[in-house]
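Presented below is the structure to which this report refers.
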Amino acid sequence: MSAEEQQANTSLLERIQRPEVSKETAKKISLIEEQFARAEVEQLRQSTLLLRPLFEKRSQVIAEPDLRDTFWTRVMLNAPAEVEEYITMTDATILASTLKNLTVERFEIDEKGQGEPRSFRLTFEFRTGDENPYFENEKLVKTFYWRKQVITTPKGHKRTWDGLVSEPVRINWKKDQDPTKGLLDAACDLAEAEKKGGDRKKLPEFTKVLEKKDEIEAAEDQEMGDDEDELPEDGPGGMSFFAFFGYRGSDVTAEQSETATKEDNERFEKLLKGEPVEGENDEEDDDEDDDIEDEFDDIEVFPGGEELAIAIAEDLWPNALKYYVTDQAIEEVDFDDSELDFSGDEEEDENDRPRKKTKV
């Protein structure tokens, strides 16, 4: 069969799904994508400085007596899907009765707008004493650092990893109130043990984390088997939202990240000039034999931690007024079945269309 006949027998959908792009064109696409990504980081850096005074004014409004007691509770319980999916029914009960305030700080941006805008700190403030029957902490502060690492694979490829890293934050649970079932404590114990030195995989705390993860996974499988027709009450993998405070991501240090960033910037400048870059060759990058195993997969107690943290920092927190007002509007609507129109004949008014979300 000729090439023309083979192409004729290939459906249009298959040809669209498998576009034939030359390696040279693929490199150009990759380069422009990286330029877009770097421009978005700069945009975030500039907007952080611009919006700081507005967020300070918002904090003053939220502190008013008629808002401060329920504002963040309403926002959290009306959270976007990227956050809501991690909140179990038990988590919602705890948050509804204890959460007082939430703040996000991009602490590495100085007054001149210089620094890494993707690092941020989440501070959750809670009621204490008899008003909080679940835990003792007045504040839970979870700090995320944006780090980068350049790795050379066994076949000489340069692979760049970047993402959020964080230290586990311990919660002082009251008796029988831990929704993480001991997983968060195990993650904190392991992190503390690692600081004393030694091979991580030989530590008893490492084994404890694996055991806790297996226990929770088994319990989730059992629950799904028992209630096949019911929606699961737990978050992804049976995890509680509060296990999020055990997220680590990686153990890339600030020094390693600084070295990797410098190397990556030099690589990028060479690509812009069309110069050859060491480790960049024509071999396929998706060679499974050239993959590097991520040992953090074994000990990560909250795999979706980075996604959840970003959703809170870039959507929930900056758009908190929108989520609060939405919750208020739902309560104030007086639903009357006789007034509902299911005909669908009227054209949708342009002004009624939902606005697209904007990331800050």
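Each Cβ is built from the backbone N, Cα and C atoms, and glycine gets one as well.
Residues or ranges marked as compositional bias 'Acidic residues' by TrEMBL: 217-233 (among others).
For 260-276, the entry in TrEMBL reads compositional bias 'Basic and acidic residues'. Within the same chain, residues 31, 34, 38, 148-150, 158, 160, 252 sit at least 6 positions outside the compositional bias 'Basic and acidic residues' (260-276) and bring their C-beta atoms closer than 8 Å to a C-beta of that stretch.
Taken from TrEMBL, the feature compositional bias 'Acidic residues' applies to 277-297 (among others).
According to TrEMBL, the compositional bias 'Acidic residues' annotation covers 336-351 (among others).
Feature annotation from TrEMBL assigns region 'Disordered' to 212-236 (among others).
What TrEMBL records for 253-297 (among others) is region 'Disordered'.
According to TrEMBL, the feature region 'Disordered' maps to 336-360 (among others).
Counting residue by residue with DSSP, the compositional bias 'Basic and acidic residues' (260-276) contains 13 helix, 0 strand, 4 coil.
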